[in-house]
Amino acid sequence: MQSFIPPKRTLMGPGPSDISPQVLQALSRPTIGHLDPLFIKMMDEVKELLKYAFQTKNDFTIAVSAPGSAGMETCFVNLVEEGEKVLVCRNGVFGERMRQNVERCGGIPIIIDDKWGEPVSLDKVAQALEENPDISVVAFVHAETSTGVLSDAKAIAQIARQYNCLTIVDAVTSLGGVPLLVDEWQLDAVYSGSQKCLSCTPGLSPVTFSDKAVAKMKSRSSVVQSWFLDQSLVLGYWSGEGKRSYHHTAPVNSLYALHESLLMLKHEGIEQAWQRHADYHQELKQGLEALGIKFIVDEEYRLPQLNAVYIPVGISDTQVREQLLEEYNLEIGAGLGELAGKAWRIGLMGYAAKKENVALCLKALSDVLK
Ligand SMILES: *Cc1c(COP(=O)(O)O)cnc(C)c1O
């Protein structure tokens with residue numbers, strides 16, 4: 001066996017996305033102790049930078065030391081207790097995972113379904129909350145990566161508040177790619193991932209809790225069943241000026257990389273980053289349509305960072321994706337769940353949302369489809 005030297009791919013799938021050389025360089029800097037005063041100072045900056053990315057002042061804003069799925073689980077295990085009713089809005093793969101999380105916490109999921117490729121219906125949310133006055137949490141996916149749909153997080157959260165419910169929001173794909181205003185929209189528990197529009201290495205999950213979510217967590221009547229994800233324990237590590245206690249060994253180098261990618265976002269400006277995703281989406285869209293490729297989602301709800309399109313009739317899904325990978329070193333995503341074999345998911349996430357990538361993708365697809 002020899003050292004593993006990966007090829008240089010262009011990553012235009014549902015994540016991980018392309019990573020800038022600057023972030024990769026940060027990752028390879030010398031490892032220092034995770035309780036080293038300099039490392040703790042850097043963690044404080046990561047918190048500040050995450051607050052900027054989430055557009056929040058929430059004190060409880062950290063990166064969970066595990067991928068987006070662990071951020072999801074963090075929200076559910078800390079905020080849902082046995083017997084609690086949770087409204088789960090399901091319009092793709094990740095909404096279904098939320099339901100499974102509720103059940104594993106001993107909660108009772110109340111489900112509303114919307115068609116794959118459509119956003120969460122506000123009317124259904126209101127109706128379900130009207131019919132089930134004992135629901136205490138509303139969970140939904142802001143940007144459904146399985147279908148390329150954006151739901152109206154602000155409006156869902158507003159309805160949830162009218163019924164005294166907290167919100168758990170999956171912002172794994174939305175953070176950094178489309179407007180996400182945690183404070184202005186009054187979202188309560190929001191989780192994301194490092195490897196989508198933040199263009200960092202996979203394995204970290206930014207999470208932010210509002211004061212209301214923290215209060216609910218603190219007033220639990222039962223102990224959180226997961227030791228690792230129990231945020232009342234983790235907090236002793238991520239906060240507490242000068243007197244941090246060991247909880248687990250932080251992924252030191254991954255946090256350097258996250259710091260760097262968040263710094264790049266801050267330097268670009270978050271509004272500019274949103275605009276860049278929108279602009280290159282337009283460019284990609286025009287090119288795809290010129291090739292006769294059709295989008296799954298109505299323009300109004302379309303995610304710029306995840307372009308879900310129908311595979312043209314008579315074209316082999318796997319053959320095209322294999323050829324793109326082998327001949328162009330280009331990765332695009334396959335369809336998930338109901339859309340497996342029927343769709344491609346072309347990501348324009350973070351550092352991957354740029355002119356060269358759009359051009360490469362259009363050229364490669366047009367060659368291969370011929
Ligand atoms: C990718 C993704 C996740 C899971 O994140 P992992 O880092 O793969 O665990 C959850 N929700 C959505 C919407 C995603 O796109």
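Glycine too: its Cβ is placed from the backbone N, Cα and C atoms.
Any TrEMBL annotation is an automated prediction that lacks curation.
Feature list (source: TrEMBL):
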DOMAIN    32-335  domain 'Aminotransferase class V'
MOD_RES   Lys196  N6-(pyridoxal phosphate)lysine
BINDING   Arg345  substrate binding site
Residue pair the residue listed as 'N6-(pyridoxal phosphate)lysine', Arg345 (substrate binding site) - Cα distance, angstrom, rounded: 13
Which of Lys196, Arg345, all recorded positions, has a Cβ with the fewest other Cβ atoms inside 10 Å: Arg345
DSSP three-state assignment for the residue listed as 'N6-(pyridoxal phosphate)lysine': coil
Taken over the domain 'Aminotransferase class V' (32-335), the model's mean pLDDT: 96
